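Chemist: The structure is given below, and queries will be raised subsequently.
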Amino acid sequence: MKGLFVSTIDGLPPLREVIKAHDLVAKKQLGQNFLLDLNLTAKIARLAGDLSACDVLEVGPGPGGLTRGLLVEGARRVLAVEKDPRCVPALEEIGAVYPGRLQVINADAMEVDVLGHLNAPVRVVANLPYNVGTELLIRWLTPKIWPPFWQSLTLMFQKEVAERIVAKPRSDHYGRLALLVGWRCDAKIVMHLPPEAFTPAPKVHSAVVHLTRLEAPRFAADETVLNRITTMAFGQRRKMLRSSLKGMGPAIEAQLEAAGIPPTARAEEIELERFCALARIVAAG
Ligand code: SAM
């Protein structure tokens with residue numbers, strides 16, 4: 001990287017130069033829309049909370065804009081999992097400036113087991129590839145044992161997905177994802193980004209969501225029963241619950257009433273607390 005223009009938050013070359021030097025032409029199939037503004041990536045890192053005592057898991061570091069933000073903002077260690085081998089040399093150059101603080105794994109985040117490489121407490125911070133973002137989020141929200149390995153998730157999503165994550169009842173975006181998130185986390189949108197913030201610019205707007213885990217689910221409920229109920233209820237979200245939940249058995253109408261839910265209500269009107277009450281009643285038989 002000798003001879004390149006240096007005027008950045010960390011003394012490393014600007015990201016445009018890094019991309020040019022390593023010929024990192026963006027690949028659509030890998031969801032590569034890069035953030036090149038290091039002030040912006042440092043801001044996202046700050047939104048994740050105090051990183052100084054944390055290991056950070058970053059999925060999809062690409063040329064390393066957010067990685068650099070995380071390290072500048074004092075992350076104890078960053079474990080960066082990147083599928084595209086072309087990005088590895090660029091990431092190694094960052095690691096050389098922060099000895100012992102950046103580990104790069106060249107792998108598919110859907111397949112690699114990262115737990116052995118992380119020490120608690122862990123925060124996850126990522127500008128996720130859109131094609132795997134929701135699936136990874138659901139995996140992180142549904143581990144075998146709760147609480148999970150992470151304290152918080154600070155994640156970039158398409159704006160519409162971010163709205164589904166934080167949605168409240170009686171809104172178009174309210175559904176199973178909002179219920180799952182609300183059951184186990186506090187969640188809020190902490191930043192909005194226009195398409196022009198990325199290179200190349202995607203077609204959609206984006207938003208960063210910050211989720212903090214609860215130590216135990218917000219309301220008692222059996223996960224499998226709750227899941228069955230919400231899958232049925234939102235599978236036919238415009239129908240009355242007494243009809244969409246018919247498959248739960250003949251007692252469902254009485255059970256809805258016992259849970260404080262009018263059988264004529266629709267799924268999108270019902271708060272998490274009521275769904276959990278229904279799950280307890282159904283589980284008790
Ligand atoms: N973090 C960088 C930034 O903010 O500029 C890049 C973000 S870009 C939206 C998504 C990144 O995830 C790309 O670098 C892409 O190669 C990587 N990626 C895509 N699918 C992946 C997967 N299954 N596992 C790990 N990385 C993946």
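All residue numbers here begin at 1 and follow the chain in the order shown.
In case you wondered, yes, glycine gets a Cβ from its N, Cα and C as well.
TrEMBL labels come from automatic prediction, so no person has curated them.
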Chemist: Which candidate from Gly11, Gly49, Gly60 does TrEMBL annotate alongside Asn33, Leu35, Glu82, Asp108, Asn127 at the S-adenosyl-L-methionine binding site?
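Modeler: Within the candidate list, TrEMBL flags Gly60.
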Chemist: I'm checking region-level scores; what's the whole-number mean pLDDT for the domain 'Ribosomal RNA adenine methylase transferase N-terminal' (40-215)?
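Modeler: A mean pLDDT of 97 is what the model gives the domain 'Ribosomal RNA adenine methylase transferase N-terminal' (40-215).
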Chemist: Per 10 Å Cβ neighbour count, which of the binding-site residues Asn33, Asn127 ranks highest?
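Modeler: The residue with the most neighbouring Cβ atoms within 10 Å is Asn127.
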Chemist: Fewest other CB within 10 angstroms, which one of the binding-site residues Leu35, Glu82?
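Modeler: Output over binding-site residues Leu35, Glu82: least Cβ neighbours within 10 Å is Leu35.
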Chemist: So among the binding-site residues Gly60, Asp108, who's got the most Cβ atoms within 10 Å?
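Modeler: Compared across Gly60, Asp108, the most Cβ atoms within 10 Å surround Gly60.
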